[in-house]
Every structure is written in C-alpha cells, then in structure tokens.
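As recorded in Swiss-Prot, the features of this protein are as follows:
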type: TOPO_DOM; residues: 1-16; note: topological domain 'Cytoplasmic'
type: TRANSMEM; residues: 17-30; note: transmembrane segment
type: TOPO_DOM; residues: 31-41; note: topological domain 'Periplasmic'
type: TRANSMEM; residues: 42-58; note: transmembrane segment
type: BINDING; residues: 45, 49, 153, 157; note: Zn(2+) 1 binding site
type: BINDING; residues: 45, 49, 153, 157; note: Cd(2+) binding site
type: TOPO_DOM; residues: 59-81; note: topological domain 'Cytoplasmic'
type: BINDING; residues: 68, 71, 75; note: Zn(2+) 2 binding site
type: TRANSMEM; residues: 82-103; note: transmembrane segment
type: TOPO_DOM; residues: 104-117; note: topological domain 'Periplasmic'
type: TRANSMEM; residues: 118-136; note: transmembrane segment
type: TOPO_DOM; residues: 137-147; note: topological domain 'Cytoplasmic'
type: TRANSMEM; residues: 148-158; note: transmembrane segment
type: TOPO_DOM; residues: 159-178; note: topological domain 'Periplasmic'
type: TRANSMEM; residues: 179-198; note: transmembrane segment
type: TOPO_DOM; residues: 199-300; note: topological domain 'Cytoplasmic'
type: BINDING; residues: 232, 248, 285; note: Zn(2+) 3 binding site
C-alpha cells in the first residue's frame, strides 16, 4: 500500500471530522435561535457526522497498517466495517428525524427568525460542497470505500441543506408545516443513503468480485499475451485499496517450464501496471489437462 494512498485517505477523514465539528457549533446556535425542526434535523445529522467521521478516522488508520503474521492479507476489510458502522449511525439519525418531523407536522411551531436559519444553512451548504468535492477527488485517486461512504453521507447533507433552505423560505411566508414535511423527506432520503451504503459494505465483506469492466480488462490482458493459449478460473475480490486477482493460464504442453514461468511473470507485471498494488496469483496449466467441456466464461 503506497504512502500516497494513506496520506490522502487520512486527510479526507480529518477534513470530514473538522468540518462536521464546525457545522455542529453553527447549527446549535441556529436551532437555539430559530427553533426550526429542519435545522434540528441538520443538527442531529451533524452529531452523527462527527461520530461517523471519528469512527472513519480511527478505522482508516487501522486499515492502513501493513499485513502481519495474523493478518496475511492486510487490514483493508476494516474500511468495509467502517462503512457498515456509518450506515448504522445514519439509519439512527434518519429514524430520529422522521419521528421529529411527524411530531412537528401534528403540532407545528412557528420559527422566531427564519432569516438567521437561511444564512446558517447557506454557510453549511457551501462548506459541505467544498468537503464533498475534496472527498470525490480523493475517491478518484484511491478508490477508498471508507471515504466513498463518507462522501455519500455528506452528499446527502448537500441535498438536506438545499431542502432546509426551501423549507425555511416557505415558513417565512407562513407555511409552518413545510418545515416538518421537509424534515420527513430528509429523513427518508438519509435512510435510503444509509441502506445503500450498508449494502455495499456487506458486499465487500462477502468478497464480491470486481466489476465486470475490470474483470474483462484482466481477461483481455491475459488472452492477448504471446505464449498464452487461453485462461480460466478467474477469481477476484477487493479489500480496502488492494485487489486480489487469481487466474489460470493455459499454455502449450511443449513450452519449457522456465519459459512458462517467464510468460506468467510478464502477464503478472502487465496486470499490475493496469491495477497497481494488486495481489496477483497466476497458475500455469498445460492445454492438454484443461477439459474443453469444463471451460466456462470467466465473467460468470
């Protein structure tokens, strides 16, 4: 695992924690001043943000540790656990927002000064957009599942802040139930994001194969290599930033062992150039021992 990956992922986790802490302080003041249930929803979400981002920071630091005697494949699965924990945090906040929205829908409470809430929400929206942009850049560079989960969370915050702005504007003109209605909508959207995030984390923990596009690239690299007659039994998974790739190469029976080994090494290096940092295992099979009827599509 290269130092650039660790540095970028750690910075993203620290930035998210710092931003969530700043926004929490701002929203506490705004809620105290306006009494807006939508801002209360945002405040609770910021509390969850801090818990989730702190968890993310600690788990990311652990996942960056190199492989050891007890963890031969490294600690990358900790990122999936962080994403799963975040989905639980977010689901809890969504339930709270939903129940609070129902309560205020039944008994709406006028806000004292929606203007303050509008200003605070605009500030929160700008800060969150900046954070999400940075996280998206980090995800493009690292493919970190933990940072991607955090980014999805803060993307829902952008949607939420936009909805809060609209709710505050409507409440300003006397539509007091709009505040509660938007809180309900925000809660439903956050719950959807949490379920999607949890599903992706569970799939990673269950060693889901790499995407079809990446597996097809591996097949294309292998089958186009001189000296390789075919390939089968492609198996892939991902743990943190590391892709694990196993494949059997089919070679002519007459090919000397040393030459077969050299071809396998060349194929491995070609795969690593396309997917740096991967753990690649290649097995060489003589064509005569590969039952033709037993060959299956490697994408099946």
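Backbone N, Cα and C atoms are what each Cβ position is placed from, and that goes for glycine too.
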Cα-Cα distance linking residue 68 (Zn(2+) 2 binding site) and residue 285 (Zn(2+) 3 binding site), given in Å to the nearest integer: 31
Tertiary contacts of the topological domain 'Cytoplasmic' (1-16) (same chain, 6+ residues out, Cβ under 8 Å): 49, 53, 56-57, 60-61, 64, 66, 74, 131, 134-135, 138, 141-142, 144, 146-147, 150, 154, 240-242, 276-277
Long-range environment of the topological domain 'Cytoplasmic' (59-81) - Cβ separation under 8 angstroms, sequence gap at least 6: 1, 5-6, 9-10, 13, 144-147, 201-202, 204-205, 238-242, 244, 279
Range from 42-58, 82-103, 118-136 with most C-beta pairs under 8 A to the transmembrane segment (148-158): 118-136
Residue numbers, six or more beyond the limits of the transmembrane segment (17-30), whose CB comes under 8 Å of its CB atoms: 36, 39, 42-43, 46-47, 49-50, 53-54, 56-57, 116-117, 120-121, 123-124, 127-128, 131
Beyond the flanks of the transmembrane segment (118-136) by at least 6 residues, Cβ under 8 Å: 12, 15-16, 19, 22-23, 26-27, 29-30, 39, 42, 147, 150-151, 154-155, 157-158, 161-162, 164-165, 168-169, 172
DSSP-derived helix, strand and coil totals, residue by residue, for the topological domain 'Periplasmic' (159-178): 17 helix, 0 strand, 3 coil
Nearest-integer angstrom distance between the alpha carbons (Cα) of residue 68 (Zn(2+) 2 binding site) and residue 248 (Zn(2+) 3 binding site): 27
Number of other Cβ atoms within 10 Å of the Cβ of residue 153 (Zn(2+) 1 binding site) across all protein chains: 29
Long-range Cβ neighbours of the topological domain 'Cytoplasmic' (137-147) (under 8 Å; 6 or more residues past either end): 4-5, 8-9, 11-13, 56, 59-60, 63, 79-80, 82-83, 200-201, 204, 240-241
